[in-house]
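**Q** Pasting a structure below so you can have a look.
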Amino acid sequence: MNRLLSSGMSAATLQTRMASQLLINDSKYGFLKELGLTENNAGVFHGKWAASGQVVQSFAPANNSPIANVQNGNVQDYEIAISEAKKAYNDWCEVPAPRRGEIVRQIGDKLRTQLQNLGKLVSLEMGKISAEGVGEVQEYVDICDYATGLSRSLEGKIFPSERPGHALLEQWNPLGVVGVISAFNFPCAVYGWNNALALVTGNSVVWKPAPSTPLTAIAVTKLVEEVLVANNVNPALCSLVCGEGDVGQALVKDKRVNLVSFTGSSEIGKIVGQQVQARFGKLLLELGGNNAIIVNEDADLNMVVPATVFAAVGTAGQRCTTTRRLIVHDKVYDQVLERLKKAYAQFESRIGCPLDSNTIIGPLHNQQAVGKYKASVAEAVASGGKIEYGGKVLERDGNFVLPTIVTGLKHDSPVVLRETFAPILYVLKFSTLEEAIAINNEVDQGLSSSLFTTNIQNVFKWMGPKGSDCGIVNVNIPTSGAEIGGAFGGEKETGGGRESGSDSWRQYMRRSTCTINYSKELPLAQGIKFE
């Protein structure tokens, strides 16, 4: 900028030129302004929109063009946000749960009104195709519906007391402030899972989104703000601080944050876990996944191939549940591989702009991801692997790569055991189901897995104590595409956290065991006499 000014260009002219380069000023992206976004956006909300950190730009992975400017928050902004969120909690926790559920229902309805626009923003800023972008927003809508019903069924158990004239029961209460640190690959849904359940269980929320997807976070927060204000609820209940690692560090180490929900890599998750545990805070970790599909000899191959393609190349291989290993019985290995290569070849012409309805594979999120893709392909080849399809970076604007199939590697090759966040599929052989299960379980993570079989004995072996060690254990469906009704999460270095359905709501509450003596006597437990 200084160089341009010194060349004689005025500051006003320079600002005009820079503004014209922003995608938000291109009529093609009119949905951005319909979501309330502008050229310059405050990345902090704590009841008011304000920020005092560095001004950054959000970029579109499809062409690496700047979308709009965002002024990040800093630690001082975070301090205001956490203070205001704590104040909002003090009122919200006393609102009856069904009323909280009604407000969450309205959030879902508000999201419905902007479903297409918000889905397009997710696609533009993250890089996933339009169908997946809209589907991600739909997940937030669905979890709002789920949480609304949950608001009338949050339950604690009543137990028989061994003492006469006594009642023994559980009482569940909100935790306080829930801190949500979300990842770039699901910039809307991960917050939605946490936000809906945290609100309905009586908590306030402070959201620190991924640094590369701030516009989605700002647009979502604007919609939530409208609902809270319309219901005379302190809008700081859902606070937002866009920023870098200093903001995340402040949140993780802050004793005022009762639960930290972190979605990201296992490496960073380990650090987050240690820091939160050091202050005896509560944790919800959703980390990496080196997921596998097992294809048994009796599998329906007409189901296997489309399921594998969806799970391996959907979101350009950037889901935590992406299939990265395909473990195929040696009797059907050649047949599966040939079908898979043909399927991949059909999609090559449909790699492109995620907002194009014909596109089925979008870009990687940034150039760093492209670099990791190239490094993993090179390592696979150096380790004796054969590139059956792909293995190349596409020479065009944006961060596009060919989805890749690799064969010929040992199942315990370092590159196979390591999660690469890109569309690289390692195809492996096995002879017995026990061998395949062992291969599935040998990686450090334990998120998602699937077995394709028509043998009911195999199904229950797979689901049992000597089967998959993952948190998600599927049969005859892909590893990705989980429904919101079940608990989502994994074991080992995936972190052990559970979000979304089932009893995941319990992680956002504290449990008290209450013994009530309604008699006029004072008997002690276990028949103890203390006289």
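Each Cβ is built from the backbone N, Cα and C atoms, and glycine gets one as well.
Feature table excerpt (Swiss-Prot):
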- E286: active site, proton acceptor (ACT_SITE)
- C320: active site, nucleophile (ACT_SITE)
- G264, S265, S266, E267, I268, G269: NAD(+) binding site (BINDING)
- N185: site 'Transition state stabilizer' (SITE)
**Q** Per DSSP, to which secondary structure element type does the residue listed as 'active site, proton acceptor' belong, with helix, strand and coil as the options?
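**A** Once the DSSP labels are grouped into three classes, the residue listed as 'active site, proton acceptor' ends up as strand.
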**Q** If you measure from the C-alpha of the residue listed as 'active site, proton acceptor', which of the recorded positions N185, S265, E267, I268 fall inside 10 Å?
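**A** So far as Cα distances go, the recorded positions lying within 10 Å of the residue listed as 'active site, proton acceptor' are S265.
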**Q** Residues with Cβ closer than 8 Å to the Cβ of the residue listed as 'active site, nucleophile', same chain and 6+ apart in sequence?
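**A** Correct list: A183, N185, T263, E286, L287, G288, G289, L447, S448, T494.
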**Q** Other residues near the NAD(+) site, CB within 8 A of the CB centroid of G264, S265, S266, E267, I268, G269?
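**A** Result: K270, I271, V272, L287, G288.
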**Q** Within 10 Å of the Cβ of G269 (NAD(+) binding site), how many other Cβ atoms can be counted across all chains shown?
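**A** Taking all protein chains shown, G269 (NAD(+) binding site) has 22 Cβ neighbours within 10 Å.
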**Q** Far apart in sequence but close in space: which same-chain residues, 6 or more away, have a Cβ under 8 Å from G264 (NAD(+) binding site)?
**A** I181, A183, V272, E286, L287
**Q** Could you list the residues of the same chain, at least six apart in sequence, whose Cβ is under 8 A from the Cβ of S265 (NAD(+) binding site)?
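**A** The list for S265 (NAD(+) binding site) reads L287, G288, given in order along the sequence.
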**Q** I'd like to know which of these recorded positions, E267, E286, is least surrounded, judged by other CB atoms within 10 A.
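**A** So among E267, E286, the recorded positions given, the one with the fewest Cβ atoms within 10 Å is E267.
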